[in-house]
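Database features (TrEMBL):
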BINDING   77, 78, 79  acetyl-CoA 1 binding site
BINDING   236, 237, 238  acetyl-CoA 2 binding site
DOMAIN    8-152  domain 'N-acetyltransferase'
DOMAIN    149-302  domain 'N-acetyltransferase'
Ligand SMILES: CC(C)(COP(=O)(O)OP(=O)(O)OC[C@H]1O[C@@H](n2cnc3c(N)ncnc32)[C@H](O)[C@@H]1OP(=O)(O)O)[C@@H](O)C(=O)NCCC(=O)NCCS
């Protein structure tokens, strides 16, 4: 017999409750092979910062599941492996949607998440591909750029504004990335992993601005956590005026060559499923899907 879960909703959690949720999330990740609660939501659990609504599901007096919605309307949800198929997931999903969630992440898009979303009448509204490829012999050699372009490393204190401008234009249709501010950029530059040598700027050497600088045409920002043997294609962008001129392939290769020279053995990246040009570029560069994370939400109005 299944019993109705009891739900508790709040904007902050006691430390012991947050720890119990983290334990539950760890048990689920062991069974599912993927984390249901992302880093941002894990931080919100313990810091109490951000506009987060937490929902706890109890069954038979113990914690059976957890869901949360952040200020942007994104939600995540997880049910303890020992409490599944008893209605907790359905109740938590309804609660976060009632609390204003517009999309629920299904990391790894597991069969149970697909089933729960279908049960609730939700559809896939966003797919985030995690792509990966091993580093092979010869990857450490820089590819040639088309004529008229050259590459150099980002210089802190000099290149911030030019980069922000190109990033905004290149990601005009991906506001999450395109709306990055100088403050956000500084925050990333203050991280341990930040290395200007891995933040590559491609300039148009056939033109000069009023100040005598070459215009920034494209960039490839790579990332490698300190000591990690995995590198990441962190952000790649081409100024719209320079799109369609064969920069994407060599631009990708310049970053992967830099990472290969750092000694990484695999390279990963995250790309939205609707970014067909980027997906095609990465597939051509040998990247394959390692996982797909899906956001489920109400079907858009016809
Ligand atoms: C997805 C998850 C939250 C479901 O939790 P749950 O408490 O087991 O779900 P419920 O018991 O409320 O199931 C409600 C309905 O979802 C569907 N469903 C749930 N698990 C399913 C499974 N393994 N396979 C197919 N459909 C499933 C069914 O339609 C089910 O109704 P039914 O039991 O009457 O057939 C849970 O498996 C989980 O924590 N997975 C890892 C995290 C995750 O993927 N979160 C994203 C959710 S969008």
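From the backbone N, Cα and C atoms, a Cβ is placed for every residue, glycine too.
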**OP:** For ligand 1, pick out the binding-site residues 78, 236, 237, 238 that have a CB under 6 angstroms away from one of its atoms.
**Re:** 78
Subject >> Other residues, Cβ within 8 Å of 77, 78, 79 Cβ centroid (acetyl-CoA 1 site) >> reply: 28, 36, 65, 66, 67, 76, 88, 89, 92
Subject >> Which same-chain residues, if any, lie at least 6 apart from residue 238 (acetyl-CoA 2 binding site) yet have Cβ under 8 Å of it >> reply: 170, 217, 218, 247, 248, 251
**OP:** Count the Cβ atoms, other than its own, that fall within 10 Å of the Cβ of residue 79 (acetyl-CoA 1 binding site), considering every protein chain shown.
**Re:** 28
Original post:
When a 10 Å sphere is centred on the Cβ of residue 78 (acetyl-CoA 1 binding site), how many other Cβ atoms does it contain?
Top reply: 25
**OP:** Check the domain 'N-acetyltransferase' (149-302) for me and report the mean pLDDT.
**Re:** 94
Original post:
What is the total of other Cβ atoms whose distance to the Cβ of residue 236 (acetyl-CoA 2 binding site) is within 10 Å?
Top reply: 23
Original post:
Counting only residues 6+ apart in the same chain, whose Cβ is under 8 Å from the Cβ of residue 237 (acetyl-CoA 2 binding site)?
Top reply: 166, 167, 170, 171, 218, 219
**OP:** Would you kindly give the Cα-Cα distance separating residue 236 (acetyl-CoA 2 binding site) and residue 77 (acetyl-CoA 1 binding site), rounded to the nearest Å?
**Re:** 31
**OP:** Translate the DSSP assignment of residue 238 (acetyl-CoA 2 binding site) into the three-state scheme.
**Re:** strand
**OP:** May I have the list of same-chain residues other than 236, 237, 238 whose Cβ is within 8 Å of the Cβ centroid of the recorded acetyl-CoA 2 site, in sequence order?
**Re:** 166, 170, 218, 219, 220, 235, 247, 248, 251
